[in-house]
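Annotated in Swiss-Prot:
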| type | residues | note |
| --- | --- | --- |
| ACT_SITE | GLU83 | active site, proton acceptor |
| BINDING | GLY11, PRO12, MET13, PHE14, SER15, GLY16, LYS17, SER18 | ATP binding site |
| BINDING | PHE113, ILE157, GLU158, ILE159, ILE160, GLY161 | substrate binding site |
| BINDING | CYS138, CYS141, CYS170, CYS173 | Zn(2+) binding site |
Amino acid sequence: MNGGHIQLIIGPMFSGKSTELIRRVRRYQIAQYKCITIKYTNDTRYGTGLWTHDKHNFSAMETTKLLNIIDAVTDFSVIGIDEGQFFPDIVEFCEYMANNGKIVIVAALDGTFQRKPFTTISNLIPLSEMVVKLTAVCMKCFKEASFSKRLGTETEIEIIGGEDMYQSVCRKCYINE
């Protein structure tokens, strides 16, 4: 075995996926691994770099297509990817990198605001050595929340936003609203 593998962190909005991604990458940095994080270019909510919802920042390379940056990340042992659901080539990239000895850590939503799967992330699950599903706190009743609910009426899947546009909700509150 070449040591390469895929770790997948999934869950709804506000469940701490980006925070967990940063935590894992930092641990590898402490262990002297050469690490890089990648964020989706169109995610400009808080500025440059990778941001958590509680405003912690971590430097990150930006792209909209992962396969375009293969040469730029070849020298790194650990590759962290935030907002993985937005990359159309996430499956091919992760599989290629893991097969070539890289540790790939992906943080992604597992479902849309309509509770439909992000197909690329669903396809990444059977290729991953480790899958963790995080939960958030329901912003209505304060119980465990597994779903993201959009506050507006837009129907497009890719609308990037924070608490101004989305809430984490439990099943009961998702259905009753």
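Cβ atoms here come from the backbone N, Cα and C positions, even for glycine.
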Determine, using Cα-Cα distances only, which of these recorded positions is closest to LYS17 (ATP binding site): GLU83, CYS141, CYS173.
GLU83
Taking SER18 (ATP binding site) as the reference, which of GLU83, PHE113, CYS138, CYS141, CYS170, CYS173 (the recorded positions) have a CA within 10 A of its CA?
GLU83
Distance, PRO12 (ATP binding site) to GLU83 (active site, proton acceptor) (CA atoms, angstrom)
11
Assigned element (helix, strand, coil) containing LYS17 (ATP binding site), judged by DSSP
helix
Between PHE113 (substrate binding site) and SER15 (ATP binding site): CA-CA distance (Å)
14
Could you check which of the binding-site residues (PHE113, CYS138, CYS141, CYS170, CYS173) sits closest to GLY16 (ATP binding site), going Cα to Cα?
CYS138
Of SER15, SER18, which of the binding-site residues has the most Cβ neighbours inside 10 Å?
SER15
Nearest to PHE14 (ATP binding site) by Cα, among PHE113, CYS138, CYS173 (binding-site residues)?
CYS138
GLY11 (ATP binding site): secondary structure state under DSSP, collapsed to three categories
strand
Densest Cβ environment (other Cβ within 10 Å) across the binding-site residues PRO12, GLY16 belongs to PRO12
By Cβ count within 10 Å, point out the most packed of the binding-site residues listed: MET13, CYS141, CYS173.
MET13
Structural state of CYS170 (Zn(2+) binding site), classified by DSSP into three states:
coil
Of the binding-site residues listed (GLY11, PHE14, LYS17, CYS138), the greatest number of other CB atoms within 10 A surrounds the CB of LYS17
Within 10 Å of the Cβ of PHE113 (substrate binding site), how many other Cβ atoms are there?
22
